[in-house]
Structures are given as structure tokens and as C-alpha cells.
Amino acid sequence: MAVSFGIRSWIEGGVVTAVIILNIIVGFFQEFNAEKTMDSLRSLSSPTASAVREGKVDVIPTCELVPGDMVELKTGDTVPADIRLIEAVNFETDEALLTGESLPVQKNADALFKEDTGPGDRLNVAFSSSVVTKGRARGIVFATGMKTEIGCIASALRASTKKRRAVKRQPDGTALPHRYLEAWSLTAADFIGHFLGVNVGTPLQRKLSKLAILLFGIAVICAIIVLAANSFSNNSEVIIYAVATGLSMIPASLVVVLTITMAAGTKRMVQRHVIVRKLDSLEALGAVTNICSDKTGTLTQGRMMVKRAWIPSKGTYSVGSSGDPFNPTLGDLTHTSLSPDQLGKEDSEADGAASTYEDLLRDNLPLEQYLNIASFANLAHVHHSPEGKWVARGDPTEIAIQVFASRFNWNRERFTKGDNPAFSQVAEFPFDSNVKRMSVIFTQKDIGKHMVFTKGAVERVLESCVSVGWDDPWQPTELTDGLCDRILHNMEALASQGLRVLALAGREYNGPTDGNVKLERADIEKDLIFHGLIGIYDPPRPESESAVKECHRAGISVHMLTGDHPGTARAIAAQVGILPAQLRHLAKDVVDATVMVASKFDKLSDDEIDKLPVLPLVIARCTPNTKVRMIEALHRRKCFAAMTGDGVNDSPSLKRADVGIAMGLAGSDVAKDASDIVLTDDNFASILNAVEEGRRMFDNIQKFVLHLLAENIAQACTLLIGLAFKDSTGLSVFPLAPVEILWVIMITSGMPDMGLGIEVAAPDIMDRPPQSLKTGIFTLEVMLDMVVYGFWMACLCLAAFSLVLFGFGDGNLGQGCNDSYSEECDTVFRARATTFVCLTWFALFLAWEMVNMRRSFFRMQPKSKKYLTQWMHDIWRNQFLFWAIIAGFVTIFPTLYIPVINRVVFKHVGITWEWGVVFVESFLFFLGVEAWKWAKRVYFRMRAARKRGGSDVDPELSVFSRYLTLSTQATIAVADEEKFFQRNFSKAV
């Protein structure tokens, strides 16, 4: 612009100014809308609170809390407001942010303090922004926002973010002179980098900003070439043409379109139950090769229901089908004296006549003791609402157990509420992922006894047991190794039916119970009496199996890392397709590695893990450290891994994973803070949605970058090669006028590229292997496409110019035809108009061709039956792109046929018979692009066939088929395979 006005080229300067202002306005509003979208999405990932409203626990944004709300807190939560505690069980918070105290503070809901007591001593209050490190609590909100203690501190601070680099000083505080120069230089570099965008934004944004700087350097070189070709003439038209040639290499809308595409993509992800917390993950999602998922609530429905309960001295109790997992009045209760290992699978629904709970409880002390543990070692609440519905809140597993106890009218609230409750709680040891148990101590008031009730993983509970009520419920039997084996055998029988199995145990406690003595967990959870097993069914989500198959087809391996028993994990993994159905065709060492217990996996060294033929597809009894080791093992195998997590202890694995995925419903605030994305529905299928959206965005970014750069190459080649056309004075006759160049840049890049950025996913997007982040968007295919399309467009444009000028014209290049119209320049002006129309149309047509980089424009939907008209539906589907291209077509005509504008501004005239040249050139453009796409399809089909060895492999089995070649041992003999398969997997499948 400055150059144009400096050499008094008012028209060109005005056009450049108009283009700049228009780009600024469009860019501002588009970026403003994109930023508004990102702000709304950031609010979705803001901290949440579990508020009790109308008898139900609602997860709401922290900003919606008001004084008077009742809030429930658990380990890992960030306290959302200042809360007066009314119930606290082993509750501790980290208040270092507020008080500077490094150790967690234990709270006491019953304590009272004077008004002038400081925050650090108010043990009955949980303060906003502190983190719950232990236990659980409930309380009433009394201060929010800036009225909280942390808010008062924040309002008192007026700190500003320093943008200057600090001067490096010596220990005595002095600094050498060169350190000041170093700090100023780094500050200036930071400012320039921020201005140019090379040190802010996501890695892709920074990479494209660096590309824009590189292209700016190339633009300067192109301008110099133009001046050199005309002997560095000071002719104003040559100078303007040099500037326009340089501008043709600068993708003005590149970063703006990228920002808009990413904002639109994150908004679309919200509609598919995925909240993006870190924009970097958008680029990473398309490259995921392995997904490590939890089972409960992610692959399964999380709507658990107790199906079996086994008491050694009484037999097995079963629950019939129920349409409502919270309603304890639905589903028949049956009983048989047989144990689970004596019940065949075929007898699962016919193992006794239906009975009432009164009949089952009559003179049944073992069942009462069993129900005491099920009901009291349980934090869930199940009750009948005033509206007549059964409602529940708490952990899904504990809800299922509480509903089972309620079937016998043994609900916890019956014994612990009211004016004179029969039981009162003394202490609680919450579930710990390391010990895999939870215990409580209750006082039975009528007899004055203290009882320990424990539930947890079967193996871990058995470790703490010394006896079992096997034959005589009044006289427990010593728990021998033989009885342990029988208990574990019954556990295997329940687990093989896909049930999650827990053990229940308890004992009388005679130790201290006052608050002055700190109770040690190890002292409480010992010398227990084993009371039985409980089997909980959590059916797989209907969409899980298809989602896992979709992952396999997309080249993504799925691993299940669960805390459940190996039998349960194996059964569910087989049902959803994580385990291959044809295990008998695999080698023994491969089969052994597919399902492992965490204790075995954790004992392996890194070298031993790396020597495994495959990493486990299922790890049972998983601990947080197991997840971390699994991620590290995947990284050593050059895999790109996503990991799900919901607990505080999952945060290290979420941090180390390439994409950390937190659960929005069951996840703790600590896990969400450590994650990259959050699933709002805790559904495995939503992970697949995120991967698909990540691939779609990656594809779309490739498309508009390819469109922009191919167009830049076409313009640059046309303008630079066109320097060869020289008039009698020795000056180049330009095939495109400067204003034409600016018009093409403005009309054919910004809006069409935004349309490409919101294009829907290609039909085969999940049939491709994961993308490589090493090559990024600039793959060899993209680079070749860029050169081929750019040169083909340039060749056609130069051919159009030459054809009109030399083929049908007299070849007279005239004199001064770059400056103004004359009769002598009429042919040049017509050739220039033809070239201008061709380049504009090619650039617009190329946008439609980029909708799919390999498939024909006329056959983008391979399964469609609309052989002749499908392309019409395809271009109409993306209406933003459609109207952007139509607008580009329409605006050509005013520039051609409006007097003064055509000859004076654009330096061309209206064309007539030359339209025939344009149509023929357009046909050749489509022919060349379609031929190149066809050649690519043939090449990639041949390459895929070579990789398959010439055989057609089911894409859904491609992940498993490679295991056939990974063995380091001999294959199991056929007979042994059958026995192995039947023994371990027949019940599961």
C-alpha cells in the first residue's frame, strides 16, 4: 500500500487499502466469533460442583453455586466455594494455596469456633480452591466468588503479568552489563515472536506462522526477480507488479482460517460429548494408535445390578431381571443351597423358586451378617422420592449393593437415621486403589458392640481374613489354603459370567473408638471373618462393540485396564471385541500376553515388557502405577497413546499419555485438570467420536492449506513465467494486472478456505491408519499435490493467454499495455481478461476438488447409487463453501463488463468468443486434476495390496492379524489350543 501511494499509483493503492481493510474486518469478526466459541467451550471445562437439589445430586458449574446450596465433596475434588461442613468422614484438604501449610488439614464438622478465628484454625470449614486429599464430606455454601477467603486475597492483589525477561544476576544481586543486553534482546524477540505468532498458540499454529514467514521471504525474492527481469526499471507499473507478485505468495488468510477451523471443530466436539481442554490435543487425536480404556461406566453402562450373592454356609441368592436398577421391589429373589461353581451356566435363571425376603431372612443369621456389611460398608443412598420414584446417589457399584440390601428391607438409612438409630458410625477408611478395600466401624447400640465391616477385591479381602463361616455360622472355621482355593474357585465361576465380584468380611472390634486416638488402617483390617461374595453385573454399552470394531478398522488398538477380576475383565473384553475371537490360531506366548494381571505385569522389568510379543490387551486388578508403566511401554514401541482416567491417582498416567481423557460424570477435578479432553457422558464411543473429529479437522486443515499453497504456486508461476512476454520497449507485458492479482487473492482464498475448514468427514476417514505427527500436514502426498495442481493451473493460464494473444490474435504486444488501454493493446487486454477468468475459476474449482483429496469430484460417495447426480448433492451439502464459490463466480462479471472498472482498474476488457477458451481450459483443468487423483488411487491401492501380501484381510481384524507373526515360541498344538480356549474363554464368549 505504501509503495503504491509512494509512486502515485492511486488506483492500485486504493485497491490494496480496500483489500487490507476488508481482510481486517472479516478477520476481526471471524476471530471474534471464534474466540467467543472458545470462551464458551472453556466454560464447559471449568470446575464443577456436586450440589444436592430436590433430593438429587446435580453436577453444575461452580459459578452457578449460591449460598445455601448443599455440596458433596470427595477425594480429588476442588472445593468450589467456602463451605460450612455438616458431615465429614476422614476428611482432609490441602490448603497450601490459602495458608501456606504444606500438610493436609483434617476437618471436624462438629467443632465450633469463635468469630475471630483465622482461616487456618477453622476446622469446620472447607475453603474455596483447596483440594480434597482424603475422605468425604457434605456442607452448606456460605460464600462464593470474590467473597470467599481466596477471593478476598485475589481482590487485594493487583499484580500484572510481566512481559519483560528478568536480568540474570549474580549471587550478590549485581548483574554484568551484557546481562541487561541479553534480557532486552530476549524481550524484543518475545515481542516480535508474539506479534508474528511463532511462539504463541498450538504447535500447528506456530508451524503455519513460521510457514507464512518463509513464504514472505519467498515473496520478496519473487519481487526482486520481477524487477531484475525488467532491468530494475523505475516504471511504476513494474514496481506495482513486483509488489503484487510478492503478495501472491503470501497466504493472507492462513492463520485466521486455522483458528476458525479449530474453534468450529471444538464446538462440534461438544455436540458429540467431548470437551477439549487443550487445543494441542486437537492435532494429537488424529494420530492416536492405542487407546487404554477403563471398563466400568466407559465400556459398560455403569448401571450395575447385583445378580448373585454367595454365603458359604447358606448357598447362592440370585436376583431376577429388572427394568429399573434402582428399584429394590422389582426382580424375583431366589435361593439355592448350591455354590456358584456347582451351578451351571444353563441354571442361571432357574436356580430355585422365587421367595419373599421375609422368608429368606427367617432364622438366617449368616444372611443378616452379610447384609450388615453390604449395607453399612457403603456410602450410597437409595430412597423412595416424594414423587414415587426410587432414586439413588453415589458410586454405581455401591448403589447396586445398597439396592440389593434394600431388597431385604436392610437399607442403611433404616438403621442409622431417626431419633434412636440402631447403629452409629465411628470411623471410615475409604476405598484405596492400592489396598482395594474400604472399611467402616459401626457401633450397635442395643448390645454396645463395635463392628468392623469390610468390602473389596476378593484377593485383598482374603489377605485380611483368618476365618470363615463355612458350615456352622455360630462357630467360624479357620480359613485354610484349601478353603481359600474353594472361595477363589467360586469367584472364578461368578467372574466367568461377566460379573464383577467383591468379597464381604467383618469382625467385632474391641479397640478404642474416641476421636483422640488415631486409628491405623492395618490394625482395623485384620483378623476378619469372611462372610461371602457378591456378583454385580454391569452390561456392556450397546455401542461399545461397534465402537471397538471401528477402532480396529481405523488401525487403533484398544486396551482394557480395569480393577476387576481377570475373569470378569476377560468376559467383558470378549463381548465388546477387545480380545480376538480366534485366540486358538495364535501362538501360546501371544495368548499369554493378551490378558495379564497387574501384579504380574508390574513385576516385569522394562526390558521384559519390551520383549513381550504384544502388549496386553487386558490388564486386570490394575493400579495407577500399572497405567503409567503401560503408557511408557507404548511410548517405547513408538505408539501414540490415549488414556482414560477418573481418580486422583490416575492423574500421572493422564499427564504422561499423549492424549489424557478424563471422565466428566465420574471423574475428579484433579483428573480433569490433568487431562486434555473430557468426556461428558463417560462413554467409550465418545472417544471414537473425538478421534474421528480430530482426523476430520486434520484433513480439513490439509485441504485448505493445500488449496491456498497450490493457488499461490499457480499465481507465482503464471506471473514469473509471464515475464517472458516483452513489448517493443523491452518491458514485460503482464499476463495479469496487479489489481487482478489482488482480486484473485481476496475472492478465491478466504471464504472458500473457511468452507473447506468446516467440511464433513470423508466416508473413509476411519478406514485409514492413524496420521503421523512427525510429518504433520505436509506429507509427501500434499507436497506433490501442491506442485502438480499449481503447475497445471499455471500452464493452463499461460496457455489461455498465449492462445488468445498468438493463436487467435495477431501477437501484437503493443506498447504501454501495462499502463492503459489503447486499440493497439486490445488483444493484450482480452488475453489478460481470459487469463484472469481462468485463474479465478481454477482456484474456485480447486476448492471443490479439495473436498476429497483422492476421490473423484464426481464420485465422492463410493456407495451412492446416484451415479450421475451425486456430485450435485455433494456441493450442496456444504452450503457455506457452495455460496462462497458462487459468489466468486458472480463477482467476475462486474469486473469484466462495467466500464471504467474493467479498463482503468483491472486493465482488461470484456470478452466474447474467448469464453470458449475458458470453457475448454476448465474442462482440461478437471481432466488433469481427475487424472492425477486416479493415478493416486491406483498407486495407493497397489501399495495397500503389497502390504496385505496380495490377500484381502478383513480391516476389522487387521489389528489382530498381525499377532500371527509376532510369536517367539512354537504355536500351540491344535488339541492343546482347543483345551486352552475352552478352559479360559468358553464361558466368556
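Placement of Cβ uses the backbone N, Cα and C atoms for every residue, glycine included.
Feature list (source: TrEMBL):
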- 44-157: domain 'P-type ATPase A' (DOMAIN)
- 734-934: domain 'Cation-transporting P-type ATPase C-terminal' (DOMAIN)
- 329-350: region 'Disordered' (REGION)
- 6-29: transmembrane segment (TRANSMEM)
- 211-232: transmembrane segment (TRANSMEM)
- 238-263: transmembrane segment (TRANSMEM)
- 704-725: transmembrane segment (TRANSMEM)
- 741-762: transmembrane segment (TRANSMEM)
- 782-809: transmembrane segment (TRANSMEM)
- 829-851: transmembrane segment (TRANSMEM)
- 880-901: transmembrane segment (TRANSMEM)
- 913-932: transmembrane segment (TRANSMEM)
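Among the listed stretches 211-232, 704-725, 880-901, 913-932, the one sharing the most Cβ pairs under 8 Å with the transmembrane segment (829-851) is 913-932.
By number of Cβ pairs under 8 Å, the transmembrane segment (211-232) is matched best by 704-725 from the list 704-725, 880-901, 913-932. Between the transmembrane segment (913-932) and the stretches 704-725, 741-762, 782-809, 880-901, it is 782-809 that has the most C-beta pairs under 8 angstroms. Summarised as a single figure, the pLDDT of the domain 'Cation-transporting P-type ATPase C-terminal' (734-934) averages 88. Broken down by DSSP into helix, strand and coil, the domain 'P-type ATPase A' (44-157) contains 22 helix, 48 strand, 44 coil.
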